[in-house]
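Straight from Swiss-Prot, the features:
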type	residues	note
TRANSMEM	10-30	transmembrane segment
TRANSMEM	60-80	transmembrane segment
TRANSMEM	88-108	transmembrane segment
TRANSMEM	118-138	transmembrane segment
TRANSMEM	162-182	transmembrane segment
Amino acid sequence: MIPLIETSALLLGLTALLAYLLGSVPFGIMMARLFGLGDLRSVGSGNIGATNVLRTGNKLAAFLTLVLDAGKGAIAVFLARALLGEDAAQLAGFAAFLGHCFPVFLGFKGGKGVATFLGTLLALAWPIGLAACAIWAITAAVFRMSSLAALVAAALSPLAAFTLGLPSAVVFCAALATLIFLRHRGNISRIAKGQEPKIGKTS
């Protein structure tokens, strides 16, 4: 008989792997091809997320990419929670986020992870997710920069978790926020120079 602790570790490892593979699905590239927009990696910033799809001028493709990228994070969390509990849900959300940023199907060269981050938060603790989405929306509306909105939402998510009385999510939010900042290094440089493209600007 396999010891219980080994079984639990095996299940957690399998959950993380499946969540990572789900996160690795490049919905942006798939939507771009489905709508005849070409290879998304050769468009605009070359990023595989919804913002870059929007640069093609196809709002429906961008919307579907946003929903699907957020959805894969949410689905990973919901399934892991239903099967194994809250710790597994956080692990699955983190793994799905890593899958989007470093997808095995694209040679580990993926997106910035913002939509998957928001979808994961909405599924993991919806008050934090709603707060992050609201912060993103307000910042985007004021400054018209998706990257800046993502950075502000990510930076404030640990504070939102703490303020809302969800201490178990503080470290999770901080870890994902750190990765989002690392993935946005180029954007941060362009923002500082006043060269960051505005939302909706076509390629």
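Using the three backbone atoms N, Cα and C, a Cβ is placed for every residue, glycine included.
The transmembrane segment (162-182) makes contact with the transmembrane segment (88-108), as judged by at least three Cβ pairs under 8 Å among residues 6 or more apart in sequence.
Residues 11-12, 15-26, 29, 48, 69, 72-73, 76-81, 116-117, 120-121, 123-124, 168-169, 172, 175-176, 179, 183 of the same chain lie 6+ residues outside the transmembrane segment (88-108) yet bring a C-beta within less than 8 angstroms of a C-beta in it.
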